[in-house]
Amino acid sequence: MDKRHDPSRRIIAPHGTQLSCKSWLTEAPMRMLMNNLHPDVAERPEDLVVYGGIGRAARDWDCYDKIIEVLQRLEDDETLLVQSGKPVGVFRTHADAPRVLIANSNLVPHWANWEHFNELDKLGLAMYGQMTAGSWIYIGTQGIVQGTYETFVSVAKQHFEGISKGKWILTGGLGGMGGAQTLAGTMAGFSVLACEVDETRIDFRLRTRYVDKKATSLDEALAMIEAANQAGKPVSVGLLANAADVFAELVKRGVTPDVVTDQTSAHDPLNGYLPQGWTMAEAAAMRKTDEAGVVKAAKASMAVQVQAMLDLQTAGAATLDYGNNIRQMAFEMGVENAFDFPGFVPAYIRPLFCEGIGPFRWVALSGDPEDIYKTDAKVKELIPDNPHLHNWLDMARERIAFQGLPARICWVGLKDRARLALAFNEMVKNGELSAPVVIGRDHLDSGSVASPNRETESMLDGSDAVSDWPLLNALLNTASGATWVSLHHGGGVGMGFSQHSGVVIVCDGTDAAAKRVGRVLWNDPATGVMRHADAGYEIAKNCAKEQGLDLPMQE
């Protein structure tokens, strides 16, 4: 019997102001853990899987129940330690210390590979936390929509003189992360054809308005794209098909998309990528009897897909890796030039990171959408001269369906994160918001990740693989008074390829919270500016100087 599987479980976080815990500082992590497993949020909540292949919120259901039990009795001078989804200890700390400290799927480097991790996973000794799954701050697909939108806007600027009308994107994957591509693409003015092997995922994206149409054949999908482009109105199409098959077929036909990328769960060849010619049922059965065979077949299909991406790039498509490590998998299967197309961070996002700009997100613990709409208005009020940001907030309100507790994401930088957070705390204090909010972010951020095939690819000074930076980020956020802090390995790109840290803080309207918020939401993005300044980026050096950061070696 698998202790991680329980189809009878249906987890819904409490709404309103009645507490199940002793304070909002412990109520918040409890609600956010539960929200990660909301049926409209998680990919497979009955298995504790939130997104990204096998990214879980807790190690098994016994651990989940015990975490909830401990949070409900935890005092405001105690800290719960969670080791790979298992609550292992409660210790006396102090009121400004984190209430929860989390470490997920961290392995000594020599053993940091999927083979060793999978053995530990089978023994119940480890849990893959992805990024925001095991750190309890996943907000559904919205969590990556704006970052994807910003990327596609940058693609249009760099390759098409800012004009996306009449152009289309080819991609793969409509899971928790990949599902953002279709909505982000149409928001940026592109049509999008997204291949997905799991029909339930396409149907879910249709239901939540992330996908406009479903197709069951390539001809049907291409006709939908062509009609939309002729009409000058972007459309997103979820095509029930294997991405490797479709990408290769387009090369064969001589059909070249304007943009090519991919967000299948290629980072996990055992659990995340369906080999060509296989059904999902066949893959599920084979995972139980021949793991090595599944991995080999999946990576062979990835090689086919990446070769097709390279061929489409040669034919004129703007081609980019969207951070799932598919190039590495193809390279290991003999595609020697797999890295000839760039990752999205060095190509389009790094200038933002240099100014500490990244995925700032917040969640209304009340469950009331009005609290989010009021904070949207506050963001516009405090940042009046950023029409691009205002446009994003307007589009988000109009087009993004809330999943679970209402939430919002918007990319803001060092100079604005603390300012916004303090304003939100004041709104809680004066009753404008009906309950506290939590503020967090993706681990994909300016100073919180080392990932040589994604966030830290092609660093100016060659420091791609140096992982001191996310460790320092986690330590500083702990010292600064975050409500919970996490340190993970393997998120996004898989075992052995990344280390990263997460942070969440509660705005409960108290003066003590204001002090913590001011420290955390300044220091957290400041570490990103520091990291990029240290690597030699002039934008980061200038930002550090303008914002008065004390960086001894930059004097």
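Keep in mind that glycine also has a Cβ here, set from the backbone N, Cα and C atoms.
What Swiss-Prot records for 52-53, Gln130, 176-178, Glu196, Arg201, 242-243, 263-267, 273-274, Tyr322, Gly492 is NAD(+) binding site. Per Swiss-Prot, active site is recorded for Cys410, and the stated evidence type is sequence analysis.
Nearest to Cys410 (active site) in space, judged by Cα atoms and limited to the binding-site residues Gly52, Gly176, Ser265, Tyr273, is Gly176. There are 28 other Cβ atoms within 10 Å of the Cβ belonging to Ser265 (NAD(+) binding site).
Cβ neighbour count for Cys410 (active site): 21 (other Cβ atoms within 10 Å of its Cβ, all protein chains included). A sphere of 10 angstroms centred on the C-beta of Gly492 (NAD(+) binding site) encloses 26 other C-beta atoms. Ala243 (NAD(+) binding site) falls within a helix when secondary structure is assigned with DSSP. Spatially close to Glu196 (NAD(+) binding site) yet at least six residues away along the chain are Gly172, Gly173, Leu174, Gly178, Ile202, Gly238, Leu239, Leu240, Ala241, judged by Cβ distances under 8 angstroms.
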